[in-house]
Amino acid sequence: VSPWDIALCATGTAVAGENALVLAVLFYTPSLRAPMFLLIGSLALADLLAGLGLVANFGVRYLLRPPSEAAELGAAGLLVAAFSASVCSLLAITVDRYLSLYNALTYHSERTLGFTCAMVLLMWALCLGVGLLPLLGWNCLRDQSACSVLRPVTKDNAAVLAVTFLLLFALMMQLYLQICKIAFRHAQQIAVQHQFIATAQATSTRKGLSTLSLILGTFALCWIPFAIYSLVADSSYPAVYTYSLALPATCNSLINPIIYAFRNPDIQKSLWLACCGCVPSTFSSRPRTSSDV
């Protein structure tokens, strides 16, 4: 048994457990029903399925005897669908944050829960369709020379997925830059009204840049190397390269709950209530502002 596969299986187990906790908190807390929390739940569900896909892939490879092509393609399809939904959920959260600042006055009336549900269902239908592609012919089981580093996906199809991912990342980066510009402008306007220009502007700038760096930096460090490698490499490359780049990419699903769920004050409060039945006196209930991008 490859130690790399054991590491991926262990990571998948941790990812599934962590994101199951997020889903449980969202499900059992009636106050967490806003569109923002629905998008966080979509991200947690996608990462949960990604973790289960990693465990299933380990089981298909080492525990299933005799090997089954249908099971291998099914596990690969689950991973493709789950990670596609994870990236699309991240993009949806980015768009939601952008709209909440750009259309601050009409956001809550236009961004209804029903509309968000419809968009999330449409996104999941698209991602599940992408996940079916390995079963519908996007595989190299009949021609091993056509395999990519994402076996059993072919090299050409892996290149399509990698290019699509890089384009989505570029869109996310552009949206977050716009978010920072809007947040800084709001902070300046508030600062002028309260005659604390320098202090407020510096605080807003620091918070915006730190959050932006955390979100984009983590996402880029985890996924960009693997996406570029998938674009240029094929199955003839040493497997250790694939494993060493795939493991950080899967760890992104381990980090997502920390960035998008556990840092949220409302989810933090629900976790404290679920764990010990109380909220610490030091807990900050400060509402989110435009600087908290």
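Each Cβ is built from the backbone N, Cα and C atoms, and glycine gets one as well.
Because the structure is a prediction, the values reported are computed rather than measured.
Annotated features in TrEMBL:
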DOMAIN    18-260  domain 'G-protein coupled receptors family 1 profile'
TRANSMEM  6-29  transmembrane segment
TRANSMEM  36-58  transmembrane segment
TRANSMEM  70-93  transmembrane segment
TRANSMEM  113-138  transmembrane segment
TRANSMEM  158-177  transmembrane segment
TRANSMEM  209-228  transmembrane segment
TRANSMEM  240-262  transmembrane segment
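Sequence-distant contacts of the transmembrane segment (113-138) (same chain, six or more residues past either end, CB-CB distance under 8 Å): 33-35, 38-39, 42, 46, 70, 73-74, 76-78, 80-82, 84-85, 88-89, 92, 96, 152-154, 157.
For the domain 'G-protein coupled receptors family 1 profile' (18-260), the model's average pLDDT works out to 85.
Within its own chain, the transmembrane segment (70-93) is flanked in space by residues 36, 39-40, 42-43, 45-47, 49-50, 52-54, 56-57, 59-61, 64, 119-120, 123-124, 126-128, 130-135, 139, 141, 150, 152-153, 161, 165, 168, 171-172, 219, 223, 252-253, 256, 260, which lie at least six positions past its ends and keep a Cβ under 8 Å from the stretch. Note: the stretches the transmembrane segment (6-29) and the transmembrane segment (158-177) are not in contact (fewer than 3 CB pairs below 8 A, sequence gap of 6 or more).
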